[in-house]
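Here the structure is laid out as structure tokens; the discussion comes afterwards.
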Amino acid sequence: MTVKTFVNHVLVGHAVGIVAALVPSALLGELSKALMGRMPVFGTIYQLVTIFMLAVPLLIGAAVAYQFKMKPIPMACVAAASWAGSGALKFTANGIVVTGMGDLVNTLVTISVTCALVLLIGPRLKSFEPLVLPPVICIVGGGLGVVLYPFVHNVTVGLGQVINSFSMLQPIPMSILIAAVFSVVMISPISTVAIASAIGMSGIASGAGNLGCVAAAVGMFIGGLRVNKIGLSLSIVLGTPKIMIAAMVRQPKICVPIVLNATFLGVIGALFQIKGTPISAGFGFSGMVGPINALHFMPGGATLANLLVIGLVYIAAPFAGGFFFEWLCRSVLHLYVSEDYSTEMAEFKKEKKEPKTKLVLEKA
């Protein structure tokens, strides 16, 4: 197995796990949260989608193991090591506390090491696999993830400090830089929510970060329409564009129109004073967290004028800019072709239509 194939399996599995874990919360999280006070059943739904979201490391680990065609025991071991290395579990004097999804970068590092270990020693264990593999993966794979976590997590914290330095600038330059950086981070294993929460991003800075995430979702949605099936494309724009990490790693140039649209939205957000919280900064359209929080901070709340502004900033401007910059980069600048947005998941690719051959009768 080549390094390229190995990395591709890890990234595709990461995308599958992200879809399974985050899409339920993206579609139902805010809705059930708003309705749980009136109908108790929505309280249960909110708890369920939250549990799915917190299970991200487990689901990514299982999905990556599936990409390597592992048997049930190795697959379960990889998932468990992934959870251990994510840093999502904290041991305190009062018991074990789940602190969120953990650090997805360290999760991928842990999964990569664990999968390599399984591929190396798994076939040699034969009938001893159920006895030997779980403790080896627990101690070596999970242990390495726990040891590396503080160092890898510092990368997220350091990036947050760099972004936080942008807040010293005037509103428009600040919004442009934050939106541009968040648009790229949104299509990487690094969590935008973790960055925003770590530095307490709020106000216009939070709104700019949120619009950067919107630019990433819209950009990947528009670019992938020609080559990916509509279900996957909707999962990108309504769920998370992290599904397309493998495509971004394969062709980083597809980020150019996204960054351009993010700078455009950064200006729009600054002009309309779009604000948010540390949590909303890391979401795009996902769960409508960004638009709802922006509306909450507007003077007067949900007035007709404010709703029109939200529609302009979160729907009209992102899609207008997204289509324009995608056309500019693909058709005018020729930076990439539509196939560069193609997913590695075969079941979500559009089938290529074979050109019809015409029979030409030659005259005798």
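Easy rule for this one: first residue shown is 1, then count along the chain.
Glycine too: its Cβ is placed from the backbone N, Cα and C atoms.
Database features (TrEMBL):
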type: DOMAIN; residues: 10-342; note: domain 'Phosphotransferase system EIIC'
type: TRANSMEM; residues: 6-29; note: transmembrane segment
type: TRANSMEM; residues: 41-66; note: transmembrane segment
type: TRANSMEM; residues: 104-122; note: transmembrane segment
type: TRANSMEM; residues: 131-152; note: transmembrane segment
type: TRANSMEM; residues: 172-196; note: transmembrane segment
type: TRANSMEM; residues: 203-224; note: transmembrane segment
type: TRANSMEM; residues: 230-247; note: transmembrane segment
type: TRANSMEM; residues: 254-274; note: transmembrane segment
type: TRANSMEM; residues: 304-325; note: transmembrane segment
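The stretch in closest packing with the transmembrane segment (230-247), judged by the count of Cβ pairs under 8 Å and taken from 6-29, 104-122, 131-152, 203-224, is 6-29. Contact count against the transmembrane segment (6-29) (Cβ pairs under 8 Å) is highest for 104-122, out of 104-122, 172-196, 203-224. Long-range contacts of the transmembrane segment (104-122) within its own chain (CB-CB distance under 8 A, at least 6 residues past either end) are made by residues 1, 6, 9-10, 13-14, 56-57, 60-61, 64-65, 68, 70, 74, 77-78, 81-82, 84-87, 129, 133, 136-137, 140-142, 144-145, 148-149, 152-153, 155-156, 189-191.
For the transmembrane segment (172-196), the list of distant contacts is 14, 100-101, 103-105, 107-108, 155-156, 159-160, 163, 166, 204-213, 215-217, 219-220, 240-242, 244-245, 248, 255, 258-259, 261-263, 265-267, 269-271, 278-279, 281-284: same-chain residues at least six beyond its ends, Cβ to Cβ under 8 Å. The predicted model assigns the domain 'Phosphotransferase system EIIC' (10-342) a mean pLDDT of 89.
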